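Before any comments, here is the structure.
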Amino acid sequence: LEESSNEKDDDEMDVSDDDEPSKKKHRAETGVEEKNNLKDENDSLRCQMEAYKNEVEVLKMDYKKDMEDKDKQFKMLQQTLQGMQQQLIDAKRKQSEEEAKVKELQAKLRTENKGKHINDKEIITLDDSENEQSDSVSVTESSTETVQRFNECDAKLIGIISAFLNVHPFGAG
């Protein structure tokens with residue numbers, strides 16, 4: 001037992017003797033460890049910084065690509081709008097031409113029918129009988145129906161031409 005207690009005392013003495021050098025060693029080791037930890041942290045921060053830089057570059061490229069796509073889409077829509085405006089101008093021009101033709105034909109029809117209307121009016125004024133008046137009214141109605149039919153034909157023709165030009169804005173060629 002004495003031997004074991006002597007060994008313990010020796011161990012305790014060894015420990016007490018080693019305390020001062022171990023503190024120096026410990027300080028030196030902690031300094032090295034701290035230095036290594038700082039290097040590791042620095043490396044980690046550099047990696048994070050590189051990752052952020054790469055992410056920013058990717059975002060810039062995505063943004064640039066999106067802007068280019070939107071510019072292309074804008075230009076395409078602008079060209080489409082210009083084409084539609086040209087179609088509208090052409091359609092208005094053709095419509096005005098067709099309206100001029102319709103007015104011209106209506107004027108011709110009126111001049112042709114004026115002679116008939118004068119005869120009808122003369123009949124009405126010369127003869128006061130109701131029978132002849134109803135006949136003259138039916139003749140006048142039939143002549144206006146002819147004008148309406150003529151206008152309907154023109155309207156159908158204009159509708160067909162408009163539909164064709166809508167599908168083929170620059171004609172068949």
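Every residue gets a Cβ built from N, Cα and C, even glycine.
Going by TrEMBL, these are the annotated features:
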type: COMPBIAS; residues: 1-20; note: compositional bias 'Acidic residues'
type: COMPBIAS; residues: 28-44; note: compositional bias 'Basic and acidic residues'
type: COMPBIAS; residues: 134-145; note: compositional bias 'Low complexity'
type: DOMAIN; residues: 34-121; note: domain 'Ecto-NOX disulfide-thiol exchanger 1/2'
type: REGION; residues: 1-44; note: region 'Disordered'
type: REGION; residues: 120-145; note: region 'Disordered'
Exercise for the section: List the helix, strand and coil residue totals of the compositional bias 'Basic and acidic residues' (28-44) as derived from DSSP. Expected result: 17 helix, 0 strand, 0 coil
Fill in the blank from the handout: Mean pLDDT across the domain 'Ecto-NOX disulfide-thiol exchanger 1/2' (34-121) comes out at 91
